Every structure is written in structure tokens, then in C-alpha cells.
Amino acid sequence: MAATGTAAAAATGKLLVLLLLGLTAPAAALAGYIEALAANAGTGFAVAEPQIAMFCGKLNMHVNIQTGKWEPDPTGTKSCLGTKEEVLQYCQEIYPELQITNVMEANQPVNIDSWCRRDKRQCKSHIVIPFKCLVGEFVSDVLLVPDNCQFFHQERMEVCEKHQRWHTLVKEACLTEGLTLYSYGMLLPCGVDQFHGTEYVCCPQTKTVDSDSTMSKEEEEEEEDEEDEEEDYDLDKSEFPTEADLEDFTEAAADEEEEDEEEGEEVVEDRDYYYDPFKGDDYNEENPTEPSSEGTISDKEIVHDVKVPPTPLPTNDVDVYFETSADDNEHARFQKAKEQLEIRHRNRMDRVKKEWEEAELQAKNLPKTERQTLIQHFQAMVKALEKEAASEKQQLVETHLARVEAMLNDRRRIALENYLAALQSDPPRPHRILQALRRYVRAENKDRLHTIRHYQHVLAVDPEKAAQMKSQVMTHLHVIEERRNQSLSLLYKVPYVAQEIQEEIDELLQEQRADMDQFTSSISENPVDVRVSSEESEEIPPFHPLHPFPSLSENEDTQPELYHPMKKGSGMAEQDGGLIGAEEKVINSKNKMDENMVIDETLDVKEMIFNAERVGGLEEEPESVGPLREDFSLSSNALIGLLVIAVAIATVIVISLVMLRKRQYGTISHGIVEVDPMLTPEERHLNKMQNHGYENPTYKYLEQMQI
């Protein structure tokens, strides 16, 4: 009995030791990494791992490993970077005392407070995905496996994929098992933010309910401005940080609350909604930076008589999405429909694979030709399923894209109408005009950001296609730029109001210009030989504050004299430049337009183009005449060539008609010719030939000689 008790006590002690080791393993690993950081730095005990964060238009942030707090760029100049290699170099510059060997995108976003713009005092908090600066030899993350969860890992030495790609694969792997992704980590680095494998934990879907409810409660507690940031957070999921600054001004927000009762509903509330369908195709709450990982499946031949197994799950979410129109819940309904399609496709594939395995087991004793036919049948079935899934997903994404573009256009149109209404009010109120202008510029920026994100996604996935669409992207960006500048030029109708809000306008334009310069500089390395390449090479001119208004004397009573209410729908026949209805493709002929133009508020905002050369008070450049002369010269040369060709064709036709008519007259036989029955057949034939116009060339020659 004593021996038995001793053995039981020993077993219990071993179990407790193993339990303690299991509980302390993650903490020990993290502590070891922190101690390694401190030893590497030589500056004291580190409390945080080195990380950097970027937000375009604002200074880069990095973690102070001694304090654990986020600090701005020490040089005060560095903003968002362009490549992962630049991120690695920046990590090495920020942490020179550490041996930074690689970078890796973090799995979860962070909220950084007091994030300021360059040379600005305005600071706000933003939610971004930071980059981890990896020190020394790579150490994989320690993953916890909760109850009822499963641990998996994948290693492919022949594959070197990015962080986002591995995340997509593990998420799909969990969905295949009927689970959801709980956590994951990278294995075996093979490049900058590239790895040979990953390890991950999948849990039942009920495990994520608590975390989702916690996140929703936290979002409800945010202020109005922060809610705008959260909604724009759906945008911050590009393959590389290209977040544009969509923050609203805090002063304007406060003023809006003060004047809500006066303005009523004339200025429509501009909810900061935006969804990027090109980056958000594979987006989920676990990793907002996940890119689209599924392209169009290229199958040359599909067997059409293959019967696709029926859908095991209902398609209510998909049907509801297509049957209902767009609303404020567009993004949520799109996500639900997309997830439903993925689950349905996975179940179909699992069913086909299971049937394939069963058929192979039963076909072991069959001849080789029959087994080959069976294999081809299932291969065709798999291809048909993949093609159908790709088609359904493409239809879903295209529908969502069209709805998002329509929503952006509607909000931009409403913002422009409110801005025009504010200008036409009697008397005009400067603050209300500024507020409406900010909303309009914000709506234009949504469209610009939508276009930029689309191009950046295509550039990362298909550079060849990006090169083909670059001219279209730049044209659309120029259209947005000119449309916005022309709207600003409408302030010329009320110069005293424009002078009062001049500083706010300059600041607003400079903020938008900073983001635009960042994008144009990133794509200027890949020129495209198209018609608009001359405009693209110039890109966007450096920022000049908008001062189209003459200085006014303080002694003059300018308000009654300078104020001329704009008649709604008529507008600016005397004003240089105006709003006209046109397609965006005529942007290349913008310098040839008439100066007397009319505002028509019924026009779709997307179809308006403007003459931006006179918006900033700049004189029209004489070089603008050059393209007109060149086009005229080319048109004249083409016209002359067409005339020459037409004359030649007409000459050939006339000659042909004359020859044909001459031949017809030559074959006419005049009257009845009596034939001598005594003539020989040769003589009869000669007479017949002479009757039809035949002349003996010898006789004809002799006659000509006598003449």
C-alpha cells in the first residue's frame, strides 16, 4: 500500500510539473525574446518588441522598446513607404542598436493615439496594421490551443508566399473543416515578409462570438469622428499600407452640431462609407490587410455534360443580396453572401473528392482504360465546379463594385448640390459654405481613393494589366482633380466669403495634395505610351494656395457690391471655366473648350469635367495652343489624302464605264445582212466577223499609209 501511494504521489508530481511547464511556456518564450532584445540593444531591459506603423499623410510611428509607447519619426520627415524592402531599411534606421533581419506584418490591428500630420498640430487616433521588426534569428510565435480547438501546420519548401497569402490559405483550410481561424503564425522565412509555411489554430464558430460582441461594444463607445475612422478602416486592408487620410476636421464637426437646427436637412449627412472591392474581396475581421487571393480560373476546355452536384447549403444570403438594392449595410450583406458562396463551394468540392475516392476504391479491378475514363470524368467535374465558383464570385464582386460606385456617385452629387445651394443662399454664410465644401471634397476624395486602391491592387496582382489601365486611372484622377478645382472656382462669385475662409481652403487642399503626390510618385516609375502620357509625365503640379480673389480695401464696403446671387441652373456665362456635361474621355481636349460654359445641376457629377488651368488664378499657358495646331495639321493632311484617293477612284470608275459602253456599241449588229448561199464557210465566217466590227489589220494599215 505504501508503495502504491508513493507511486501515485510521484505521478501526481510529474503531472503538476508538466502542467506548470505548459502554462509557462508561452510566457517564457515571450520573456526570452524580450531579454534577447535587451541584450541586443544594450540599453536596458526591453518591455516591447520593435514595431513601426504608417499612415499616408502623417509621420511614421515606432514603438519605444523601453517604454512600450508609440513615438513619431525622429527626423520629422518620413511618411508611408512604398515596398517591404523600404520598411526593412526603415526598421534598421529606427532601431540601429538592434540587429533587424526581417519584417513581418502583424496579425491584428492596433489603435495609435495622438498621431499628427507633418508640420501640423492636429492629432487624432488611427487604427492600422503595424509591421514587426524581427531581431536576429527568426522565432515563430507560440500559439495557444483552447478547448475544442485544433492545431495545424503547413510547410512547403518549394513555395515562398507572403504573409497575407498564408493567412488566406489557413482561413480557407479552417472553413474546409467547418471551423474558423483563431490564431496563426509564420514558419521558415524565405524573404522580406515571405515564408515557407505557417501554423494555425482552428476553433468552432461559437468561440468567436464573445470577441465579436466585445469589439461591437467598443465601437459603439467611440465618438462620431472615430466612427468615421472605423468605417474607413475597411479600406485599410491593402497588401501594403496605402491608407489615405479621410479624417474630418474636429472644428467643423463641432460647428455642425451647433448649426444643425438652423440648417435642417439641406446638407445631407455624409456618412464616411467606403468599401474597396478590390482589396476587400477576401477581407474578414481577423486580418483587415488580406488581399484578393483568387483570380479568374483559366480553363481552356470544360466538359459540358458533367453534372455538378446540388448545393448542400441554402443560398438565402446570396439570393437576398442580389434581390435587394444597396443600402448602408451593403458591405455586411456582401461579406455574408461571399462567405456563403465559399462555404457552398467547399462543400461541393468535399463531396466530389469523397465520391472520387470511393470510385477509385471500387475501380481497382477495372481495366486501365475505364479507370482513365473515370479519372477524366472527375477531373472535368472539379474544373466545372471551380469555373462555376469563379463565375459566381466574379458576379458577386462586380455587383458589389457597381453598387459601391453608385453610392459614391450619389453622395458626391448630393454634396455638390448642397455646396451650390450654400453658394446661392441669400445672404451666403461663410461657415456653411466651408462646411458644404469640406463634405464635397471629402466625397471626391472617396472616389479618388477608390481608384487608387483599385490600381494598387491590380499592380500587385497583375502588373501587365496595371500598365494597360494606368492611362485610364490617371485620366480619372485628373478628372476628379479638375472637377474639385472647378467647384472651388465657384467661390469667385462671392469673393469676400472666399477671403474669409481662405486659410481653411488652403489647408484642405494641401492635405489632399499630400496624399495625391504620394500616389503619383509611387507609379511614376512605370510610364505608359498612350495619348495622355504627356499629361501623366507632368503629373500634378506643385501645390499653390488658391488665391483667385483680388485684395480688398478695408475702407470699402465690399459685401453689397461684390455679392451677386447665383441663379440656380444658370450660372457662369461671364465666368471663365464652368461645369459642362461630357464624358471623362474628352479630358485630353480640355484646353480646347469654350470659355463660356453653363452650370447644370441636373448633370451627373461623374460626367462633369472642368478647366483647372484658371482655377488657381494662374494665367493660361501659351503651350496649350500647341496641341490644337498639331491636331489641325494632322486633320488637314488626312483630308488631303482622302481627297486624292477619292479622285483616283472616280477616275478609274469613269474609265471603266467608258470602256464598257464602247464595247457594248461595238457588238451591235445593224440591220439584216443577206448571206450568199454560194459562199464558203470561211467567207461566211469572215462576213460575220466584219458585221460585228472586225477589220483586217493589213487593210487598215494600208489605208493609214495612203492617208
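Any Cβ shown, glycine's included, is placed from N, Cα and C.
Swiss-Prot annotations:
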type	residues	note
BINDING	His163, His167, Tyr184	Cu cation binding site
DISULFID	Cys56-Cys80	disulfide bond
DISULFID	Cys91-Cys133	disulfide bond
DISULFID	Cys116-Cys123	disulfide bond
DISULFID	Cys149-Cys203	disulfide bond
DISULFID	Cys160-Cys190	disulfide bond
DISULFID	Cys174-Cys202	disulfide bond
DOMAIN	46-205	domain 'E1'
MOD_RES	Ser216	phosphoserine
MOD_RES	Ser534	phosphoserine
REGION	46-139	region 'GFLD subdomain'
REGION	147-205	region 'CuBD subdomain'
TOPO_DOM	661-707	topological domain 'Cytoplasmic'
TRANSMEM	637-660	transmembrane segment
Shortest C-alpha distance to Tyr184 (Cu cation binding site) - which of the disulfide-bonded residues Cys80, Cys116, Cys149, Cys190: Cys149
Fewest other C-beta atoms within 10 angstroms, as judged across Cys149, Cys160, His163, which are the recorded positions: Cys160
Summary of DSSP states over the region 'GFLD subdomain' (46-139), given as helix, strand and coil counts: 11 helix, 35 strand, 48 coil
Mean predicted confidence [pLDDT] for the domain 'E1' (46-205): 84
C-alpha spacing of Cys133 (disulfide bond) relative to Cys149 (disulfide bond), in angstrom: 30
Disulfide-bonded residues compared (Cys56, Cys116) - highest count of Cβ atoms within 10 Å: Cys56
Pairwise CA distance, Cys133 (disulfide bond) versus Cys203 (disulfide bond), rounded so that it is a whole Å: 29
Rounded to the nearest Å - Cα separation of Cys190 (disulfide bond) and Cys56 (disulfide bond): 28
Integer Å distance between the CA atoms belonging to Cys56 (disulfide bond) and Cys202 (disulfide bond): 34
From disulfide-bonded residues Cys80, Cys91, Cys116, Cys174, the one whose Cα lies nearest His167 (Cu cation binding site): Cys174
